[in-house]
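These notes are about the structure you will find just below.
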Amino acid sequence: MPEPTLHLAVALDGLGWHPAAWRLSHADPAAPLFPRWWAALVGQAEQAALDLVTIEDSLDLQSSLPDGPDGRVDQLRGRLDALLVAARIAPLTRHIGLVPTTSVTHTEPFHVSTAVATLDHVSGGRAGWRPRISARRAEAGHFGRRELPPPDPTRLAEPERARLVGDLFAEAADAVEVVRRLWDSWQDDAEIRDAPTGRFVDRDRLHYTDFTGRWFSVKGPSIVPRPPQGQPVVAVLAHATVPYTFAARHADVVFVTPTDAAHAETVVAEVRAVEETIGRGGPPLRILADLQVLLDDTPAAARRRRDRLDELHGTAHTCDAATFTGSPAQLADLLAGWRRAGVDGFRLRPAVLPDDLTTITRAVVPALRDRGLFRAGYPGGTLRDLLGLPRPANRYAVAGPR
Amino acid sequence: MPKQIILAAHFPGVNNTTVWSDPASGSHIDFASFVHLARTAERGRFDFFFLAEGLRLREQRGRIHDLDVVGRPDTLTVLAALAAVTTHLGLAGTLNTTFREPYELARQLATLDHLSAGRAAWNVVTTSDAFTGENFRRGGYLDRSLRYQRAAEFVRVARRLWESWPADAIVGDRADGRYVREADPGVFAHHGDQFDIAGHFTVPRSPQLHPVILQAGDSPEGREFAASSADAIFSRHGTLAEGREFYRDVKARLARYGRTPDELKIIPGATFVLGDTDAEAQERAHHIRRQQVSPQTAILLLEQLWNRDLSGYDPDGPLPVEDPDVDAATISRGRAGMYPDPVGTARRWRALAREKGLGIRDLVIEVTGRQSFVGTPQRVAEQMDHFVQSDAADGFILVPHLTPGGLDEFVDRVVPLLQERGVFRTEYTGTTLREHLGLRAARPVTRVGAA
């Protein structure tokens, strides 16, 4: 039985998700390079008691092409490392979850694990993490350690392509597995400071991860004690069965991209079926539907904003998620409908920052509260608490001392 | 104006310098401890805060070493968070080049430089340590002879990436619809022995252009690398004579790279103990040494030299009569090698123990890790000033023995005396770490987009 209220997240990226966002935003075009920009956005989201913000990241330059630079000068380019942005914001906030994106294809699982664990420590248990697969040649070229074929969505069904996708997901699965084992590699009570025996830790409460896979081996233990949440929240963006399966096996939260309420029902059914098939233990995935949102006081005004953005962009912008264009009340109604279709909440992608975020926090959130769909404030606790996820037992502790 | 002293604060590390058994010892993990030390350093107008790095828990006799502080948070993540609670303090971290790729690390450091408005610094270390490598994709093994080759190439690539966005790349002209001056900024290519990469860097030019680069190795190759590539050296030379010799040697190497002596700062690590009288300070110093060298730690430190299992020895009894085992695999793993001549060192230790009638623990206390500066605040200020004015150093990286309050007394009692002597700033005059250190603004060394 789903909870009565929904979970609400906001996805932050650049000056907004529409490629022409920077043209209409009143912010300094270079604002995303400054911490005060992120502090203001996340602070605003926290004032509205949102569950979490996500921060996008990628190991290549933004582009309108599927892979590689596009030669355009009219769109925002450049970004900072998302995890460090989240860490920079952590001491300035108190309640909201911070969920940066990190590639798992070209990075070291050990570094990723310790960085997210540390984000959990510095934020007092508010860290999440969105592992992302880097399938683009542009990213691979920055590391020089592997060759990838040029992207071609029409050839995904070919056996070689399918194998490549399968490998990338399998490697990502290994990475998340290692990251999670490292989080557990210290039992919560490992630090004992026992002066009579001179021991700072009880080494029987520290555990080797001993992971050996096709792409890497990681001995462990972590250098970072177990994070406050035990396991920080892992969130996966998924559009199809393969990533749903990845999410069901490895994540706590899944961001999905339905096109309407009926489709939302289908997607939820498919995610639940996948959970069943793989025999997922523990709490079910929290399913958050992604929506790009373009808001204004009236539907007509919102449409005009959208038309203006598309005109500046040169074409009607579409992305992997559905776009909502309308008034805050209309959005609240739509979210209520999708909620009835079974999603646990939403990750809203503001088309223009800070404008659409401001409308979300000042108008959409109150409208949801009026409908009894969103809580009035923070109940206190960790991000897991906020999402209704229990603190997991340590996989090594239940096995007893080595 | 007399030479100005550089001061940095080292967060207490995972060796026996750090006393965890004292009632005043707090958490080494809670962010509040980092905030306390960083804010104390900033209150004292320090140049920078320094974090070491751990990538594998240390082992001795094949088991995780449990006698010192174990575990620490991730360096970059803590530094980024500290940028939020400080305004001027430089933020330096040790980051190993063996287990990282230049694109990712350059991106993280440029990000830290943006997030701190120009306060980022990187202590470049490189290891050949296959033990640590067991935690990484690379598997770890790097031939010792390639260590500085990799480090130097890594730094060259990082600088090329940092320079890849022109200073005026972002135009942001809304009327004209032009966000960037030139299409696809951040273009770079590097084809070298260690790295063969090309593409576009994602981080626009950061405030310092080049985060400050520190180097900590002491070998001839390390000194040469520092002379060619670093802004500062984190050295280990404790005595005035050793310090002056090192200082002279390293500064003399700079001309070869077209650099002047003031372009490379020499900042040894240093410890201190204060007291109202010199005698009281000496007493405190001895008490701290006993805390640092517990009976169990004494045996363990002895094992690191002897390279034998000495767990059966009485910490208050005599030293082993047999010589260190120089042929066996090292029993202590995950820390830098400490004794170039184990047999000779062991003989000296035995002779000293006989001469002074010392058991193992007292001998270890005597021969390892003595504090650098012990005395009244007045005496410590004088000695530090003398050290710097005699060109044995340009300043110090202070390593307190207690977390998080270990620097409080120094900032309250010694810093004002250094300021009175006119050798330490009373207010920050710049905003970036380069400005604090008196380093010139970084200039691009590569042509943008050059292959």
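For all residues, glycine too, the Cβ spot is worked out from N, Cα and C.
Feature annotation from TrEMBL assigns domain 'Luciferase-like' to A:40-309.
A strand conformation is recorded for A:Thr101 (FMN binding site) in the three-state DSSP classification. Annotation source TrEMBL lists FMN binding site at A:Asp57, A:Thr101.
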**Request:** Output, ordered by sequence, the same-chain residues six or more apart from A:Thr101 (FMN binding site) with a CB under 8 Å from its CB, or 'none'.
**Result:** A:Thr54, A:Ile55, A:Glu56, A:Asp57, A:Ser58, A:Ala82, A:Arg130, A:Pro131, A:Arg132
**Prompt:** How does the model score the domain 'Luciferase-like' (A:40-309) in terms of mean pLDDT?
**Reply:** 96
**Prompt:** So how many other Cβ atoms are close to A:Asp57 (FMN binding site), meaning within 10 Å of its Cβ?
**Reply:** 22
